[in-house]
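Listed in TrEMBL:
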type	residues	note
TRANSMEM	12-35	transmembrane segment
DOMAIN	20-306	domain 'Sugar phosphate transporter'
TRANSMEM	47-72	transmembrane segment
TRANSMEM	84-102	transmembrane segment
TRANSMEM	108-130	transmembrane segment
TRANSMEM	142-159	transmembrane segment
TRANSMEM	165-189	transmembrane segment
TRANSMEM	201-220	transmembrane segment
TRANSMEM	235-255	transmembrane segment
TRANSMEM	289-306	transmembrane segment
REGION	321-349	region 'Disordered'
COMPBIAS	328-349	compositional bias 'Basic and acidic residues'
Amino acid sequence: MGKGGSLSEGVIKNIIISYTYVAIWIFLSFTVIVYNKYILDKKMYDWPFPISLTMIHMSFCSTLAFLLIKVFKFVEPVSMSRDTYLRSVVPIGALYSLSLWLSNSAYIYLSVSFIQMLKALMPVAVYSIGVLFKKEGFKSETMMNMLSISFGVAIAAYGEARFDVWGVILQLGAVAFEATRLVMIQILLTSKGITLNPITSLYYVAPCCLAFLFIPWIVVEFPILRDTSSFHFDYLIFGTNSFCAFALNLAVFLLVGKTSALTMNVAGVVKDWLLIAFSWSVIKDTVTPINLFGYGIAFLGVAYYNHAKLQALKAKDAQKTAQQVDEETGRLLEEREGNEGGRKNEPED
């Protein structure tokens, strides 16, 4: 077989591998969301303790991340001083704990489909907080796009059959804290040259997150669990749920490494639509035409936002490549002039 045939086989193999990682990520993300809903919903498993569930996840993920980094050497640890950890990782851990606590709490009050619609506000929150902290430049065109996403989510909320004010407040709070966390990662870590993948992120952030969650857990959930004599820890349910949560982080690590962040965004859109369909067909949540119309508007806004970000990244990469070419050309010209000058100075026989 010729060289062209081998190349084609290689390309096909890479495509198959990439789509396999995408499918695994969608499946695990889908599973974790539905599993969390099953555990927390009072009409299903009926264990409405979101802080406890999040702490179980963090304990499990901390342990496995430690084993992968320190014992099996699957991932190299990041060199980090104590001062950097306290100033950079601890605030991110605090924000992450609040985001997880509130987002898991929302499953008690809202349907899976409506929560996915509210999550469409994430680009709006990230952009707004980025502008506030001067990490993003204010652009009228981008702000109009953010308003269109917000308008679409507002229509979806108007058409929601199981609208619960407290549930919406919890989910919007989770979006706000998660968006702040993402911006803080840029400010506190990326700007200092520290890059954490999902495994090293769990290794450093999960224990910190666990410590922050312990405070509200003692006050809010521990007294209730202590007085509930009928509760017995279900190792199968919580073990498999925690393993799925960790496997999802591992899948993110593999997906971003083999494809790109944009591929993950596109996969996220597919997952959201699948969850809405599953919520309607299997869980029997009510999804109204107004829901879908509003989410459709928000979806188009998010798709345009991702497209604009991709174009900006391409332009930045092209500029960087052109600069490298110019530098290399300049270096070669200098070497050539130096060689010619050396030959001129050589004595003649």
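Yeah, the Cβs are placed from backbone N, Cα and C, and that goes for glycine too.
Note that TrEMBL annotation is computational and uncurated.
Just so it is clear, the model here is predicted, and its values are computed rather than measured.
Between the transmembrane segment (235-255) and the transmembrane segment (108-130), fewer than three CB pairs separated by 6 or more residues in sequence fall under 8 Å, so the two stretches do not touch. Pairs of Cβ atoms less than 8 Å apart link the transmembrane segment (108-130) most often to 165-189, out of 84-102, 165-189, 201-220.
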